[in-house]
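Everything below concerns the one structure shown next.
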Amino acid sequence: MTRFSYAEYISLFRTNDKTANPRRQKTHTHRCGGAEARHEPAQAGPSGAEVLDGDDWTPLHEAAYRGQNHCLQALLREGQVCVDKRTLQEETALMLAVQARQLECVRILLEAGADPDICNKSKETPLYRACEQECVQMVEVLLQRGAVVDQRCVRGRSALHAAAERGCVQICVCLLRAGASRDARCAQLNTPAVEAARHGHTHTLELLMQNGAAVDLQTSDGYTPLMEACRHGHTDAVRVLLKHHADTHRASADGLLPLHVASQHGHHRIVSILLPITSRWRLRQSGISPLHLAAERGHLRVLELLIGSGCDVNSRLSDERSAVFADRRVSPLYCAVAAGRTEVAAALLRAGADPELDPFSPLLLAARQACVRTVELLLRSGAHANTHPPTHNTTFPAALLHTHQLEVLRELLEHGCDAHACFTCGTHSHEEDTLAEHTPHAAKITFCEWLCSSRSAPSAGGLVDLLLDYVGNVQLCSRISSLLRDTAQWPSIEEKTSSPRALVHLCRLQIRHQLGTHRLNSIRSLPLPERLQRYLTSRASDTHTHTHTHTHTPLRPGEHHHL
């Protein structure tokens, strides 16, 4: 008599609890053809995805999964087993045989009356799993036995979705002949054509189109098969869809056209295909240029292709799209700078991009990012070093608010940033400032007020020392003096403010003032001697140092005639 085990009985209700019921390999004894046979512990099948664990599998399930044809037939002949009995995962012996690619077992079970349409917990049928396994013969057998071809899984996908996703043309042919819906839509509204386009299966896509699949049905996010092919860079799939008259002007839910999608993901071959057949008017109506997307993602090759085709480098985002961003950006140049794409920004500037098109200057953004190369690039292309957004209520250049990097600040000063505006207080004592701070309409923030803030104070010494190299004779107010008196830069600062500046320094400042801010950006192109160009563009601190150490070499006779 078999001994009752209470622990084994309880384990039946805890099969899926891996901590309470540790995995154990299953053995069983049954009769096959009248002879008793003991099987070895069950192992994972060919798919390697399932482990025979617990008592939810019957000998029928195990025999089907392991491909034990004779044992399976013997069990079915006994007539004491239900051919459609399910495991705790609601899997029948037929489902397990399909998963393990046991074709002969599938035939045996179907001949024994197994239902080919019983689903597992995910509502997947044996036919769906056979399509996932890409087993053509198994699909044919199931269809011959009356499997429902369009039954959906829990995600709303049909067997044709699974076959199209894997690009199995033979299975798709079988399913279509059996009456599969060509435009079945899953929970995300994806059609089989979308799946084929997304994965670049051109032969499957061609088959679906030839069998009447709709070419422009959209997913839940508004993407057509053409957009999916553009997003994933499947050039041949794009050609197939265009051959079947896919609409290049069908917009997604966010208003993007296929050309936008291809540009956004950097697929230059697809961009070159779509450019001649995409309406420029429709691009403008979308409120965003492909240049914005290519610039933001840093796709230089696509950007150059778009510029070469005549796309406007100064195209603006629509008000609705601009409002999405806190900085209200509008230009492709700003998108490139915001994403740190210096090479892309350079290409846009070479093509004539306006660095002053946005409400918030790209120059200030580059200064905030401490990108010296981008700052220099923008300044040489005409960006105003003294740009001052209306939101900045200060008496000094706004650039100082956005950078503490001296190299960035030096580049701005070399291109005309107004350092003198930082020292307009003179010897003001600021004794009356306490009262002014409480007035309803407080004055603009001065440089000394900002400098004394906790955020700016640590770098104040180096900052003021650098600014003094770009001004003439100025005096510090009491607030700045008290702040800097104990810094390492104080001796240099005191020397520059307590005594008259060197004549060579004052001359340099005067010449630069006469040239004007815009011409400072192109000193190298002016018809001046190279030595004078070096003098005007060299660091002012170097000039100051040379003057005080008496190492400055005067101009040779005759050089002044070139001034």
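Even glycines carry a Cβ here, placed using N, Cα and C.
Taken from TrEMBL as is:
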- 21-31: compositional bias 'Basic residues' (COMPBIAS)
- 546-556: compositional bias 'Basic residues' (COMPBIAS)
- 493-542: domain 'SOCS box' (DOMAIN)
- 18-49: region 'Disordered' (REGION)
- 539-563: region 'Disordered' (REGION)
- 55-79: repeat 'ANK' (REPEAT)
- 89-121: repeat 'ANK' (REPEAT)
- 122-154: repeat 'ANK' (REPEAT)
- 155-187: repeat 'ANK' (REPEAT)
- 188-220: repeat 'ANK' (REPEAT)
- 221-253: repeat 'ANK' (REPEAT)
- 254-275: repeat 'ANK' (REPEAT)
- 286-318: repeat 'ANK' (REPEAT)
- 328-360: repeat 'ANK' (REPEAT)
- 358-390: repeat 'ANK' (REPEAT)
Mind tallying the repeat 'ANK' (221-253) by DSSP state, helix then strand then coil?
17 helix, 0 strand, 16 coil
How about long-range neighbours of the repeat 'ANK' (89-121): same chain, 6 or more residues beyond its ends, C-beta under 8 Å?
45-47, 49-50, 56, 58, 60-61, 63-69, 72-73, 76, 83, 127, 129-130, 133, 135, 137-138, 141-142, 145-148, 151, 153
DSSP-wise, what's the residue breakdown of the repeat 'ANK' (55-79) into helix, strand and coil?
18 helix, 0 strand, 7 coil
Taking every residue in the repeat 'ANK' (254-275), what is their average pLDDT?
98
Which bits of the chain, at least 6 residues beyond where the repeat 'ANK' (221-253) starts or stops, bring a Cβ under 8 A of a Cβ in it?
188, 191, 193-194, 196-202, 205-206, 209, 215, 259, 261-262, 264-265, 267, 269-270, 273-274, 277-279, 282, 286
